[in-house]
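Chemist: Before we start, here is the structure in question, set down as structure tokens.
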Amino acid sequence: MMEILRGSPALSAFRINKLLARFQAANLQVHNIYAEYVHFADLNAPLNDSEQAQLTRLLQYGPALNSHTPAGKLLLVTPRPGTISPWSSKATDIAHNCGLQQVDRLERGVAYYIEASTLTAEQWRQVAAELHDRMMETVFSSLTDAEKLFIHHQPAPVSSVDLLGEGRQALIDANLRLGLALAEDEIDYLQEAFTKLGRNPNDIELYMFAQANSEHCRHKIFNADWIIDGKPQPKSLFKMIKNTFETTPDYVLSAYKDNAAVMEGSAVGRYFADHNTGRYDFHQEPAHILMKVETHNHPTAISPWPGAATGSGGEIRDEGATGRGAKPKAGLVGFSVSNLRIPGFEQPWEEDFGKPERIVTALDIMTEGPLGGAAFNNEFGRPALTGYFRTYEDKVNSHNGEELRGYHKPIMLAGGIGNIRADHVQKGEIVVGAKLIVLGGPAMNIGLGGGAASSMASGQSDVDLDFASVQRDNPEMERRCQEVIDRCWQLGDANPILFIHDVGAGGLSNAMPELVSDGGRGGKFELRDILSDEPGMSPLEIWCNESQERYVLAVAADQLPLFDELCKRERAPYAVIGDATEEQHLSLHDNHFDNQPIDLPLDVLLGKTPKMTRDVQTLKAKGDALNRADITIADAVNRVLHLPTVAEKTFLVTIGDRTVTGMVARDQMVGPWQVPVADCAVTTASLDSYYGEAMSIGERAPVALLDFAASARLAVGEALTNIAATQIGDIKRIKLSANWMAAAGHPGEDAGLYDAVKAVGEELCPQLGLTIPVGKDSMSMKTRWQEGNEQREMTSPLSLVISAFARVEDVRHTLTPQLSTEDNALLLIDLGKGHNALGATALAQVYRQLGDKPADVRDVAQLKGFYDAMQALVAARKLLAWHDRSDGGLLVTLAEMAFAGHCGVQVDIAALGDDHLAALFNEELGGVIQVRAEDREAVEALLAQYGLADCVHYLGQALAGDRFVITANDQTVFSESRTTLRVWWAETTWQMQRLRDNPQCADQEHEAKANDADPGLNVKLSFDINEDIAAPYIATGARPKVAVLREQGVNSHVEMAAAFHRAGFDAIDVHMSDLLGGRIGLGNFHALVACGGFSYGDVLGAGEGWAKSILFNPRVRDEFETFFHRPQTLALGVCNGCQMMSNLRELIPGSELWPRFVRNHSDRFEARFSLVEVTQSPSLLLQGMVGSQMPIAVSHGEGRVEVRDDAHLAALESKGLVALRYVDNFGKVTETYPANPNGSPNGITAVTTENGRVTIMMPHPERVFRTVANSWHPENWGEDSPWMRIFRNARKQLG
């Protein structure tokens, strides 16, 4: 039976206004829209009055419901029938944890009530199309239609393909019907194999074969034999990549054989809780570094949010499934798309060439895709710290003559680093009889055929198959699985995981054969043991679907009880679905039908399928010399600063958490003005050291339109000039991931790909001492469509994205582009040696040209000398600032440095030649260093020692003020206000934020950037930062116990434990399942801290589901109430813990006036480094800090204080319960965005109880308790930041 319960309003006023404007623009006469959430409960038994009241209260969250009866025509948007939304999975979990077992499933829709003039049926279809994502949702016309969401079908049987009867044609038909993308020789192979076996293949077997042998999974092109211009080539592409490892194996621990590559890290204190006692402590051991970079291009073109989200999620799983289990740590992300054409902000180089109907626009991708990628990382708890963004789309004269080149099929890049124990780097042995396990969520009828679909050019597959290959994301589930993996690797030698892989393309049909095959075993499986939410799925759908957040593992039978205990504690679902066998055979039994859908020798599935041969021709681009007739430097500056590749990327940065883990030493945002210009990302290796890891990206795809090999060399060079900003030492410490995107089969591209791979694999990387131990290829970068009577194609440039990873010697020595105005000198290191080529530059692009001669690596020895010289200068602390030269050239390098320093620049470029346009806009490798004036000679001498004398040019200096002046022999070449340039540079991000977020907030942020008087972040302290007030109490040897409380989805508990640990506490890991299960009580604890993250993925209101699981469980409710009433206890709630505790007001004495925390005013997750002031309040944790102003990490989507009315706010203020407020850089309490990131009244962001024993706050002091973890800080701070005082206050209070 289904019950319907109304929910809160679903759209803010500005979202409704945006919808109305879209309808008006489409000439649809819609006058008014009201939207509210509607909940549908699928019940297995009726609820009594008390249970009904409980369910009703559970579903009350968000803004108060409007009591009126809505007017207008109803359009109900729900998830597509046959799918289960991530919201449903999490909300149903909460209901069950609150004791509502009669609820089989909760689902949510949005009821739109549309008041409109008379519209035709077609116009109503247009209205409906604007309201839903056709890939994920459907539209009903009545609330009761939602019953279709809960219809259960009978299991479907396996179906066979009559190969023996119909011959080869049966396989050809199945290939088309199932979207298998099989090649002719693979069809021959299958015909032969099954004829030999003497039986017909089942659909599930063909599907499994297609996924396992797709280009996506098998990398056929990279393993192919090559004939170029009639000459056989000696090596495959993959062999040339492997050559880098053969030449430079140094520091590599694992390459080419696992889900990620591993290199040597540093010996540090890894901080985690003991399995038996729950007590956190440091464990001194090597923390080796793993690295992986994936792409998720096809799904992102079809449905950008889930496409990018599952792209990030899949890469995170790759890291966790490395060796015998590892820990993902920090991420990177990248996008290449066609022109944005922002409505009302179209740029002169943007022409509309059309697109296929089934893929979305570049603007849609960049509106939704980055949000999906960020949301997954945020909810999982991994900071995303670097990335790139390129737009390109034009008709150009390239290798194949004049044709359309661009990214209608986008690149969505997801990568990152993690850590792994030394004894877990290599996978273990799968013993015969080992239990084969699926860890993670249930099978769902989604994401079918992703591997094969992504191997086709967009436009080749059937529209319904595109629908089928879209996936859905549930990062909170992946977090639970990762917590299990963490518990396993933390056991060291007792780790129950023998072997682990992630489930990705092809689902279990790819993952399970890979697991047993890699372990030298076979497998015997039972289909119906696989967890499934949809009983009507066929065997093919159960075995081959790509439901995310799953891992496959082998665990020895005697270790199963331990594994079961770990999973139950973390509430991570798992199923034992088979046993490892001696014989390398794969069998899948179906209990329901008592048959065998799969019964195959593994070598048929994974054996030597026909090897591909590529017989290709070389084509050379002629290009056209740059026509400079109408180009002035002033106009060029304006245009280039508006090119999205160059322009400010704040809209891509502040949506992503950049502080979780407490180990982020360098994020994108630089300096007191938080300008997104960092060259690389840096993390600390642990919470007790200054060793670390660095990541950077290099990418110069447009250059491939003129010279394939140069483009590849420049990508490596740029990654190197970016990562050189931190202290690494030996260049051999740097390891690269190479992600290759190409339109295989397009004239000239295959030979060009071979050239590019050879240039880096056989030549450049070996010469530099660089290794490429990991990478990926995507070989179908083309879209085809019909535009009127014309057949069109959009082909991407050959695109190599290089990600560089390295161990860092001392994270404190990382340079940024932030200029200093002390007596200084700016020096250009020009690795282009005066070539100043303008082909395929940003300048050429904004004038709709390609040019003829591009930049290149001009001298490999000098590139190596540059890196070594930079390392010597960084270690000697001789540099004040560094920024590489890249898209936009020297002009952009200097401008971004001035933006970061909020200062002026006076430079002279006479030494760079007479061609000022080329000097300013060429994109040759190199960059600008800033040195103290007195160090200039010594620095120049050192650069000369490394062979760079002819590359170094004195430019001028940074000055206080607002002028950006470039001269040549004292004649003005360009002069402008730095603030004006800053505003131009910011306009793209402003327009994107206006479209995507609350336009009022976007306008306020843009206005703030135009304020030259802004002093930037600053610090005023009312206490001595160097005084450790906890020291006398620590000296007694007593360590009070603090319960570090977490719920499923919480992700900030480790750094919280470390902060309390440093202040003299014993931090104990306490999961809500421990309390609910009665394994632990709160009676033994002196302090309680509820940590940040996304409990239950923030469904049913941020923190509200967590709170209700306490309030609706009588025993646990008593436990909390008793703790809060006990004298001599302390409690802290941060972020999600703050939201949760604000919903426990009925249990906490003196908290009656506390507010609720609701959706940010911007309607967006906000990750900021915000300035706050400590106000006078009873809070015991903030004693002695009153009046201090200092920046703090902020990361939340629902942090806006909501009070009942003005009287409530006045009472909260008059009682003095406000503990922290947001202030602007002038020190004034503010409600203006982004200084106040959520719009809270009176800047309120922390409150306390009347006795001061319980304090709750939205910002994260635990993430910045170490100075090194602050995005910016005064130079004179030591190891501890001022926020350490909170934790020391706690220790002092407990005596």
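The backbone N, Cα and C atoms fix where each Cβ goes, glycine too.
So Swiss-Prot lists these for the protein:
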type	residues	note
REGION	305-327	region 'Disordered'
BINDING	307-318, 386-388, ALA678, SER886	ATP binding site
BINDING	ASP679, GLU718, ASN722, ASP884	Mg(2+) binding site
DOMAIN	1042-1295	domain 'Glutamine amidotransferase type-1'
ACT_SITE	CYS1135	active site, nucleophile
ACT_SITE	HIS1260	active site
ACT_SITE	GLU1262	active site
Chemist: Enumerate same-chain residues with a sequence separation of six or more from GLY313 (ATP binding site) and a Cβ-Cβ distance below 8 A; give 'none' if the list is empty.
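Modeler: PHE376, PHE380, ASP473, PRO475, GLU478, GLN548, GLU549 - these are the non-local Cβ neighbours of GLY313 (ATP binding site), listed in sequence order.
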Chemist: C-alpha of THR386 (ATP binding site) to C-alpha of GLU1262 (active site): distance in Å?
Modeler: 22
Chemist: From the centroid of the CB atoms of ASP679, GLU718, ASN722, ASP884, the recorded Mg(2+) site, which same-chain residues not already listed sit within 8 A by their CB, in sequence order?
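Modeler: Going along the sequence, the neighbours appear as CYS680, SER696, GLY698, ALA719, LEU720, THR721, ILE723, ALA724, ALA725, HIS883, SER886, GLY927.
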Chemist: Find the one among the recorded positions GLY307, ALA678, CYS1135, HIS1260 whose C-alpha lies closest to that of ASN722 (Mg(2+) binding site).
Modeler: ALA678
Chemist: Roughly how many Å separate the Cα of HIS1260 (active site) from that of GLU718 (Mg(2+) binding site), to the nearest whole number?
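Modeler: Here the two Cα atoms are 34 Å apart.
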Chemist: For each of THR310, THR386, ASN722, count the other CB atoms within 10 A of its CB; which of these binding-site residues has the top count?
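Modeler: Result for the most crowded candidate: THR310.
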Chemist: List the same-chain residues at least 6 positions away in sequence whose Cβ sits under 8 Å from the Cβ of GLY307 (ATP binding site), in sequence order, or say none.
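Modeler: Non-local contacts for GLY307 (ATP binding site): HIS296, HIS298, PRO299, THR300, ALA301, GLY369, GLY372, MET412, VAL470, GLN471.
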Chemist: Tell me which of the recorded positions ASP679, GLU718, ASP884, GLU1262 sits in the most Cβ-dense spot, judged by other Cβ atoms within 10 Å.
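Modeler: Checking each of ASP679, GLU718, ASP884, GLU1262, the winner is GLU1262.
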Chemist: What is the separation, in Å, between the Cα atoms of GLU718 (Mg(2+) binding site) and ALA678 (ATP binding site)?
Modeler: 13
Chemist: Sort the recorded positions THR310, ILE316, CYS1135, GLU1262 by C-alpha distance from ASP679 (Mg(2+) binding site) and give me just the closest.
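Modeler: Smallest Cα separation from ASP679 (Mg(2+) binding site) among THR310, ILE316, CYS1135, GLU1262: ILE316.
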Chemist: Relative to the Cβ position of ILE316 (ATP binding site), how many further Cβ atoms are located within 10 Å?
Modeler: 30
Chemist: Compute the average pLDDT of the predicted model within the domain 'Glutamine amidotransferase type-1' (1042-1295).
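Modeler: PLDDT averaged over the stretch: 98.
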Chemist: Go through ALA678, CYS1135, the listed recorded positions, and name the one with the sparsest Cβ surroundings, counting other Cβ atoms within 10 Å.
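Modeler: Counting other Cβ atoms within 10 Å of each of the recorded positions ALA678, CYS1135 gives the minimum at ALA678.
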Chemist: Pull the DSSP breakdown for the region 'Disordered' (305-327) and write it out as helix, strand, coil residue counts.
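Modeler: Going by DSSP assignments, the region 'Disordered' (305-327) contains 16 helix, 1 strand, 6 coil.
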Chemist: Hey, what's the Cβ neighbour count for HIS1260 (active site) at 10 Å?
Modeler: 26
Chemist: Using the residue listed as 'active site, nucleophile' as the reference point, find which of the recorded positions THR310, ILE316, GLU1262 has the shortest Cα-to-Cα distance to it.
Modeler: GLU1262
Chemist: Do you know offhand how many angstrom separate GLU1262 (active site) and THR310 (ATP binding site) by C-alpha?
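Modeler: Distance between the two Cα atoms comes out at 29 Å.
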